[in-house]
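Worksheet: one structure, shown below.
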Amino acid sequence: MPPLSLLIKPASSGCNLKCTYCFYHSLSDNRNVKSYGIMRDEVLESMVKRVLNEANGHCSFAFQGGEPTLAGLEFFEKLMELQRKHNYKNLKIYNSLQTNGTLIDESWAKFLSENKFLVGLSMDGPKEIHNLNRKDCCGLDTFSKVERAAELFKKYKVEFNILCVVTSNTARHVNKVYKYFKEKDFKFLQFINCLDPLYEEKGKYNYSLKPKDYTKFLKNLFDFWYEDFLNGNRVSIRYFDGLLETILLGKSSSCGMNGTCTCQFVVESDGSVYPCDFYVLDKWRLGNIQDMTMKELFETNKNHEFIKLSFKVHEECKKCKWFRLCKGGCRRCRDSKEDSALELNYYCQSYKEFFEYAFPRLINVANNIK
């Protein structure tokens, strides 16, 4: 097979936080088994051996959750041992970790640095904004622990970026959020839409990100980002980077920006494999990585069905002048009713207004970075 990328949940849906907007919590509540616990050593070895045997060129192991650090540092030390043991083809291996940061200490930071992990740190901005939705299981604030994790990453020279969930409150205070990240010298930022639970009415929660709020957020964030670009202080914002890739190359490296789905090979802690992080549901279970090859998993009828469903272009999109840039957006924002055709993207109007507002300046940036 070509290079392989896996998204792995070593602690299943387990987490030491109780974020109000957690999409994976709502997903796992709708499975026969809410949590599969910590990944066993035999599952880990089967997975590593499988990928290193079948991939060509390089492969990527991305650990997410739940909270992956709940698996323990020993789990990841075992991972490195197994990668060395089974990498007889001398593949280039990329490891990454998405964490809430609350369990990061000196030992973790040192390990991540020494083993060249790329780390995503979940942080929603300054204290009052972050703590609003990101409490621990006891209802306590988490900001100070996350800020401490960022300091440790800098101390040990861990390569990391910030993942910020955009809620209604974030959208209203984008100036505070961007200013805080800038003060902390965070140069790599990813802002992701807060998702209401799958197949529930959209916009009914206090945290829900409504289209009008998202429009304002995108415009204001772009203004700050563009001003910094003109002043020689370029900040990487994944969504804007994805748009620039689309302008310059015709497609983006970011999932959700190309209009159609691919198979992400999401691996739950019991070895079960799913096509997408947003659809880790019994309905879309492809099989188990312990007893099926990656090719067999990819060729399952369920995977083909999942991908095929994303190919239908909405009639409104076909006549939209921004379709080549937007491509309909992420399937998750088009999926409103179970077992129904995908609809127009929930944020369609937001994107239209944003593109009208920012496109000339996006072209200017693209021309300057060719």
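Any Cβ shown, glycine's included, is placed from N, Cα and C.
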Item to complete: Determine which of CYS326, CYS330 appears in Swiss-Prot for the same [4Fe-4S] cluster 3 site as CYS317, CYS320, CYS348.
Response: CYS326
Item to complete: Among LEU195, LEU198, LEU218, LEU221, indicate the single residue that Swiss-Prot lists for the S-adenosyl-L-methionine site containing TYR21, GLY66, SER122, ARG134.
Response: LEU195
Item to complete: Calculate the per-residue pLDDT averaged over the domain 'Radical SAM core' (1-227) and state the result as an integer.
Response: 97
Worksheet item: When the number of other CB atoms within 10 A of each residue's CB is tallied over all shown chains, which of the binding-site residues CYS22, CYS255, CYS276 has the maximum?
Response: CYS276
Response to the item:
For CYS317 ([4Fe-4S] cluster 3 binding site), the three-state DSSP class is helix
Worksheet, complete the sentence: Taking only the CA atoms, the spacing between CYS15 ([4Fe-4S] cluster 1 binding site) and GLY66 (S-adenosyl-L-methionine binding site), expressed in whole angstrom, is 5
